[in-house]
Ligand code: ATP
Ligand code: MG
């Protein structure tokens, strides 16, 4: 039984075929389908050139037309349709400068990175697998298409991809692919950081990240990752912890903690992570450090917020070597909080000004902070008059 995502795309492949061209499902979706894994999107490859694809479908967007990719909008869905191509003129171990559109499926499959990613499936569900990728999937092996040394020299990012697939799929590297990785690791320095980060993110979200991190270490690839070249000890420590079920966000947090950087933000900037992500990670790190010295209090859960508290607790449990993680008690604390944020506090700066006739100043923030903490700790009700009476009794106003 072909999964729904493929079924939904079949009318598109039919249209391309009716126009006289070939069309196949390719790449990760076919690999994942053959492995029984969940599929998130389908990639379509065709012998039709981009201009021909655009004639077949009324609604298209040129998302990467220089690489042969046209985005087709059909039935409220988006599909990437890429023309068969070969890649030539690799400069500086990066992506090719020039691509040539071709009409041969096998030639297109040949330029792909690993045999498991070089399988095509047609609309009848028949598999086209000239490099025996299915056999490698069954043997759980990651093997370069052709000479691994050549393929890694053409595009050094493939080495990072190999390691992230180890993490996601739990496969092992085939001998020649593994040798090529150990030999060519230093070529990774030529690759744009954004591309490396993208693969590293996927590595960190995989179930087998322990194995993948060990491979980064043994192959020496880690030497060419931003800010990690002298951090072998921290990485080894990470591989010795039960990290398999950590999410990518939690893995970043653990790594950041283990690195003990004086300037964690600078380390994250090197990876070109978004400002939002950097902010979140720095916040999480502060609360992880807090958690390492204290249990969760109402106030700590309130200040952290539920998502941070959950991530921190998961990482804390890994650091403490706990087998099962219990984050439910944090949810219970959070749900019992009388207010979830400052705007819910039944006291404003204006109230304080009216009650005191004092001039505005820093004292307002200090009192609001104190009242907020006392409400959260259950010392006073979140009710204006109750708070006012309490402030009087404490001689704060
Ligand atoms: P995922 O499931 O994580 O998306 P994927 O295999 O689909 O994995 P993509 O980055 O989406 O990975 O790439 C789609 C396909 O394009 C791959 O399966 C592979 O055939 C080919 N490919 C991607 N990057 C490269 C590369 N650097 N060199 C050669 N082929 C590549
Ligand atoms: Mg993909």
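Every residue number used here counts from 1 along the chain in the order it is shown.
Glycine is treated like the rest: Cβ placed from N, Cα and C.
Just so you know, TrEMBL annotations never went through curation; they're auto-generated.
Record note: TrEMBL gives 28, 31, 155, 158, 161, 164 as CTP-binding, and the candidate from 112, 189 in that site is 112. DSSP classifies residue 155 (CTP binding site) as coil under the three-state reduction. Proximity note: of the listed binding-site residues (112, 155, 158, 161, 164), none has a CA within 10 Å of the CA of residue 41 (Mg(2+) binding site). A gap of 13 Å separates the Cα atoms of residue 112 (CTP binding site) and residue 43 (Mg(2+) binding site).
Listed binding-site residues: 31, 112, 158, 161, 164; maximum Cβ neighbour count within 10 Å falls on 158.
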